[in-house]
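Right, one structure below, let's go through it.
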Amino acid sequence: MPNSLAGGQVPNPTLDAFDLVDRSLRNAGISGSIPGLEEGGTDPWTFSPLKNADQLKEVGMASRLRRVVSSFLKACGLLGSLYFFICSLDILSSAFQLLGSKMAGDIFKDNVVLSNPVAGLVIGVLVTVLVQSSSTSSSIVVSMVASKLLTVQVSVPIIMGVNVGTSITSTLVSMAQSGDRDEFQRAFSGSAVHGIFNWLTVLVLLPLESATAALERLSELALGAASLQPGQQAPDILKALTRPFTHLIIQLDSSVITSGITSNTTNSSLIKHWCGFRGETPQGSSEGCGLFSSCTERNSSASPEEDRLLCHHLFAGSKLTDLAVGFILLAGSLLVLCVCLVLIVKLLNSVLKGRIAQAVKTVINADFPFPFGWLSGYLAILVGAGLTFLLQSSSVFTAAIVPLMGVGVIDLERAYPLFLGSNIGTTTTALLAALASPADMLIFAVQVALIHFFFNLAGILLWYLVPVLRLPIPLAKRFGNLTAQYRWVAIVYLLLTFLLLPLAAFGLSLAGGTVLAAVGGPLVGLVLLIILVNVLQQHRPSWLPRCLQSWAWLPLWLHSLEPWDRLVTACCPCRACSNSPMTSKVAHCYENPQVIASQQL
């Protein structure tokens, strides 16, 4: 029943009614539709008004005490979940190193393939995906350059691939929020914006570097202007907190990977079984060790076995192979990772509500007053770089941002500069770590770190300095809208971006540059043409011939995901792959704007 005022007057429509009318008009196609709106009736990119916290008023000392205790326990649970989440990422990285380190070493040994820039880029991506550590991938490159197995020019595309491969971690983390459509839409768009930025930067800088060697020359100029002195290792705050727990599970000797490439030894185990000798201080600590140097005794030590000290971790002295231990750690770390993510999201939704959530969102997403609003994004870049430098891990930082985006604490426009700052922060950490490397590797380590730094800096100049060129943001929103409507698109994106397309490019590069250009050139041109036509169809359809103003003349499966969605739903009838019936039913409530307005009067 509509409410009425005295004298039979009808109250004016509320802002909520106008908002619903506006959304219904958009869903009807008057001003462009958004998949998220079509399905759920709410715009996931515009966070809904928060409930007033006045409803939480308590009476009595017992109720207040109960609320204080509950808040304290939630805070402890949140910190504990975050701690084990970070530890699970560390163990996940160790698992991938155990599973893929030998394969990564075999890939890097083929110097003929590495001389191809496209092949070098793909190898950098695949190796970083395999070992889940940009530091390990960079250390391999530095060792090969120092051993004269690679030139600096050949290593540049590999470093670009390493930068791209690091974004897979945040994408995997976003998959844990696929249960809620809106949360998954925001979280996946946040992970996608990082990968899109890296790929767009590669598409511009890889041809430029192949033609001019700009990054290599710039790093040489920087080295010539600097007087290098061996320095101390970068601060290791995060590892100091997580190492006591993770070292009880597994300890690895990462130098086995690089030594296997440079000295052709492939029979050493990556698992560290011995941590020193009797009567000496165990060398399990990393103090005084550089990023590219080994501070542990090798398993193949010639000392008598009775004089060695067995390491204290779960797999010390185990007869299991590296592959078996890797699979065990992979399953366990993924399980803990998913459980911790679910707990973090639930606790954040419970803690961040009412005025608290409003204050947090306002502070994080706020801009400086006019005319200094443009400085807010650059401050976010500095914050992202500083936090990544302190954490010593860009993967951990980006993986922590993604759940916050899912629950609506950080919006995409603010997360984008944070991710860019994280890219800069991880290169400064590598630069300081390179200064602590041995003297014979110092120059090469610093030059590789500088190339990595200039690559990310050039990406910021390309895709952030000019607001109209911040293309990763709208592209990520489109991916988020697609994944909200068809959740299986996220899996397709993951497989195509980090596995299938790199493998296809790698296979073509093996056939030679002529075959790569003959096959890859037309395909890339076709993709760019389709993108251009789609943009013109939306903004300037009159510029196109009548036949290209719409794709309706093509078969449905070539211009719509509906047939593919029916196929995927038939093969995988689970909730994560299809839309719920309730969601589709709610969408029909916004088809008639007049009905909505009358219901609000």
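Every residue gets a Cβ built from N, Cα and C, even glycine.
In Swiss-Prot, the entry for N-linked glycosylation site among Asn264, Asn481 corresponds to Asn264. Topology note: Glu220 and Leu510 share a membrane side (same topological domain name in Swiss-Prot). Checking the candidates Cys295, Cys311, Cys338 against Swiss-Prot, the cysteine paired with Cys275 through a disulfide bond is Cys311. Secondary structure by DSSP for the topological domain 'Extracellular' (509-512): 2 helix, 0 strand, 2 coil. Secondary structure of the topological domain 'Extracellular' (391-441), assigned with DSSP and counted as helix (H, G, I), strand (E, B) and coil, comes to 41 helix, 0 strand, 10 coil. Counting C-beta pairs under 8 angstroms (sequence separation of 6 or more), the transmembrane segment (442-462) fails to reach the transmembrane segment (76-96), with fewer than 3 such pairs.
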